[in-house]
Amino acid sequence: MGETMRVMRSRCGASRAWALALVCVGVALAIWPASITAGPAALSSWANCAFADESSSGQQAGAAMSAQVGTGAPTEGSPVAQPVEPAADSVARVGAGLRAVTLDVGHSERAGAASVLADGASALMKGSDWALSSFARQNKGTSRAVEGQSLGYRWPLSQPDAVAAVVTQQAVIVRVPARLADGTPVPTDDPAFIMTLMALLQALDDRAAEGGEPLGLEARTVYVTTQQQVSLNGFTYDFGREAGGRTYVTCVSEGSADDRAGALLMEAASLVPSASLGAAEQPSALDGAASFFGRLDLAPLWVSLRTTGAAIVAIFALGLACAWLTMRTSSRVKGLLDTVFTIPLVLPPTVCGFLLLLAFGNSTATGRWLIDHGISLVFTWEAAVISCVVVGFPMMYRTVRGAFENLDASMLDAARTLGWSEARIFARIMLPLAWPSIAAGTVLAFARAMGEFGCTLFFAGNYLGVTQTIPLAIYFEWMSGRTDVALFWVGVVLVVSFAVILVINAYSSRTQRYRRKERGTWESS
């Protein structure tokens with residue numbers, strides 16, 4: 001009877017669950033057709049409200065500039081368009097001082113005809129009195145405060161009178177100075193000058209982008225301004241913000257959005273008379289290489305070699321010692337030690353760097369004690385070495401420990417019965433027999449230390465000539481638009497890593513060959 005009651009209660013519960021599920025499905029089916037009908041209309045209404053003012057303003061201003069700067073004369077009967085200011089209902093999104101520019105069909109040809117000089121930072125065009133020099137592409141800015149003052153998302157500007165372009169998702173804002181520093185007026189109202197300027201910017205960007213976000217003048221709405229501060233789509237852009245003795249281009253949200261959402265990258269170049277650049281000649285490969293290496297700073301190479309060299313010595317010694325120590329402990333302690341020694345292998349490098357920063361910084365008693373005694377490790381070269389040791393050590397430890405555990409235990413016991421000390425057994429038996437694995441662990445640890453990025457950046461920072469290793473240089477050179485330099489450092493890492501692996505493998509092969517020869521002599525005797 002009891003069993004029957006339990007079965008009935010179970011069936012009743014299942015029935016209630018099915019009934020509830022059917023009710024939910026019925027409600028969903030009742031609501032779904034209405035939502036399908038109303039959804040597109042609501043979405044269309046939202047899109048019209050959000051973009052109607054911007055599109056109307058862009059179309060009007062684009063038509064005006066197209067009529068002004070087009071290659072052909074207006075056809076008979078067609079009205080001659082006048083410059084159009086943003087419509088009154090779009091002022092909240094497109095601020096005063098911005099002029100939309102529509103590129104004509106000859107933009108791509110003009111950009112292709114522009115001559116970029118050997119340095120890759122200067123460009124001029126035949127028949128134009130103006131040229132660009134000292135071009136710099138900055139793929140990433142920063143939101144850090146300057147001397148305690150928050151500027152928003154910013155990029156450094158080398159000259160206050162430079163031509164600067166901020167690239168957003170939908171637009172490119174190009175600020176052209178009305179006058180140069182020496183008082184020379186700039187013909188910003190001349191459509192031919194504006195088209196030439198756009199072509200020069202495009203040509204320089206095509207040379208510098210190399211995989212980064214393109215300038216995309218033809219795919220984005222182009223705005224030109226001579227004012228220092230303008231507003232567009234809820235963001236304010238300042239092309240001459242001064243702070244800390246330097247000039248910056250800044251992007252600040254007018255609402256609650258992140259400042260960084262208002263810009264993808266920034267480009268700047270000096271506007272100069274074309275006569276000051278001389279005749280544009282296609283540089284030879286030798287001249288291009290000489291120019292490249294003449295402006296290349298080799299400091300990251302020396303920092304990487306010094307840092308990795310010091311780290312690999314520490315890793316080699318610690319790896320052998322810890323592997324030998326782990327073998328000689330009990331199984332319970334061995335598991336704990338193995339976990340501690342291996343955990344940096346599975347942790348993200350940024351986590352390792354953050355933990356090191358906490359351990360040796362002001363936030364812990366250990367860090368404060370070291371600082372009080374004159375030992376400051378954070379953001380120093382020693383911190384870079386420690387970072388490489390922490391992330392490279394597990395590679396060496398795991399490889400060496402595996403080699404030691406695979407040795408014949410009876411052979412080691414036989415040596416002990418002959419009166420050999422543990423140090424002699426380690427030096428005369430364990431090291432020679434495990435050397436191929438030790439060499440492999442050294443190679444792995446070297447490669448890991450050479451390629452260390454996240455832990456070093458967190459704990460040691462990025463200081464040229466002090467802590468900037470090659471991986472850091474690759475990242476920051478690429479983010480600054482110097483892709484050619486980043487590619488050079490990638491090649492250096494490949495060459496150095498290949499050379500080190502080749503040397504160690506050759507040495508290991510020679511050692512193995514010597515052992516096989518000795519073994520054959522012993523067996524024949």
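Numbers here mean position along the shown chain, with the first residue as 1.
Each Cβ is built from the backbone N, Cα and C atoms, and glycine gets one as well.
TrEMBL does not curate its annotations; it predicts them automatically.
Feature transmembrane segment, per TrEMBL, maps to range 373-393 of the set 16-36, 373-393.
Just going by CB pairs under 8 A, the stretch in 339-361, 373-393, 486-507 that sits most against the transmembrane segment (309-327) is 373-393. For the transmembrane segment (339-361), same-chain residues at least 6 beyond its ends with a Cβ under 8 Å from one of its own Cβ atoms are 322, 326, 367, 370, 377-378, 383, 386-387, 390-391, 393-395, 397-398, 452-459.
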